[in-house]
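Peer 1: One structure coming up, written as structure tokens, with questions to follow.
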């Protein structure tokens, strides 16, 4: 976006500060959401099919819905934050949700946070602070048609088409084959679709803000198109994020999702809204360094966390004991199932790993 004139600098700084505070509050709620939903998914898995293998029993689990409420509050705060501040500022602050989820997982899910994990949390906070201090001041479009013009630029159209093609490949080809073993598949779907979600949500948010200010945007078809895209993308994200959380450790999902989602969202916003237009090289370099610091913190935090053993136990069901008849000559006479009648000439082999 075109930088604002100097006399509007104070208002833009206040808008950035408001957006940053809302983003921090959003991260707190979303961090809690990860933990509460994880506990709900575990309860649902104990009663039926896991979400990771296509089960939807979690929809009947009250704790999962509590997580949904906290997520909804966090997403609303995040939604409003995009009305005031650029995506380059709001999106990286999502790293704070990783700190919240890591600390809570340590106490409630027995996913231990090591000492180096604390260093990762500190790096996330330092990087987020650098991003806030050097965030660009973005002038808000005055109508949804201006946003539509930005969204239909050739550069952003190329990005949007590429994102859709990659998402379809991941959903239709990769997810059925590798989704249960490769975390990048589910998280990749959430991240690629998520970058489009943020762009459309920002457009809807600006339209709502302008309408509240007296410039009605409800009469433009673009407003409803952006709203439809937002709702569709959110549903897709929700489905595959549930699959990722149920299949893999929260400590693994959170940082990888953050890194991929934030990187793609910053790229999409830079293409569509031209966030870095008019900024000095030093400010852009500081933002990039801040983001890399946050990313380093997430990697450190991830590398010091324990892996979830649940997946392997679910994938490989224990084998039933096999009984072998040892004849007097020492030869094997045959094998019987557990329910067969046994005589004194039978011995039981109980080491199941002999038959894996």
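Yeah, the Cβs are placed from backbone N, Cα and C, and that goes for glycine too.
Below are the features I grabbed from TrEMBL:
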type	residues	note
TRANSMEM	12-36	transmembrane segment
TRANSMEM	56-73	transmembrane segment
TRANSMEM	79-104	transmembrane segment
TRANSMEM	116-135	transmembrane segment
TRANSMEM	147-171	transmembrane segment
TRANSMEM	183-208	transmembrane segment
TRANSMEM	220-240	transmembrane segment
TRANSMEM	252-273	transmembrane segment
TRANSMEM	279-301	transmembrane segment
Peer 1: Can you tell me which of 12-36, 79-104, 116-135, 220-240, 252-273 gets the most C-beta pairs within less than 8 Å of the transmembrane segment (56-73)?
Peer 2: 12-36
Peer 1: Quick check for me: are there 3+ Cβ pairs below 8 Å between the transmembrane segment (220-240) and the transmembrane segment (147-171), leaving out pairs under 6 residues apart?
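Peer 2: Yes, the stretches contact each other.
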Peer 1: Rank 79-104, 147-171, 183-208, 252-273, 279-301 by Cβ pairs under 8 Å to the transmembrane segment (116-135) and hand me the top one.
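Peer 2: Looking at each of 79-104, 147-171, 183-208, 252-273, 279-301 in turn, the most contacts to the transmembrane segment (116-135) are made by 279-301.
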Peer 1: With CB pairs under 8 Å as the measure, which of the listed stretches 147-171, 183-208, 252-273, 279-301 comes out on top against the transmembrane segment (79-104)?
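Peer 2: By Cβ pairs under 8 Å, 252-273 leads among 147-171, 183-208, 252-273, 279-301.
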Peer 1: Relative to the transmembrane segment (183-208), which of 147-171, 252-273, 279-301 accounts for the most Cβ pairs at distances under 8 Å?
Peer 2: 252-273
Peer 1: Is the transmembrane segment (279-301) packed against any residues at least 6 beyond its ends, judged by a Cβ distance under 8 Å, and which are they?
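Peer 2: Residues packing against the transmembrane segment (279-301) from afar: 3, 88, 92, 95, 98-99, 102, 116-117, 119-131, 133-136, 251, 254-255, 258-259, 262, 266.
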Peer 1: Against which stretches of its own chain does the transmembrane segment (252-273) lie, if we need a Cβ under 8 Å and a gap of at least six residues from its ends?
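Peer 2: Sequence-remote neighbours of the transmembrane segment (252-273) are 1, 34, 86-88, 91-92, 94-95, 97-98, 101-102, 138, 150-151, 153, 155-156, 159, 163, 183-184, 187-188, 190-192, 194-196, 198-199, 202, 241, 244-245, 291, 294-295, 298-299, 301-302, 305, 307-308.
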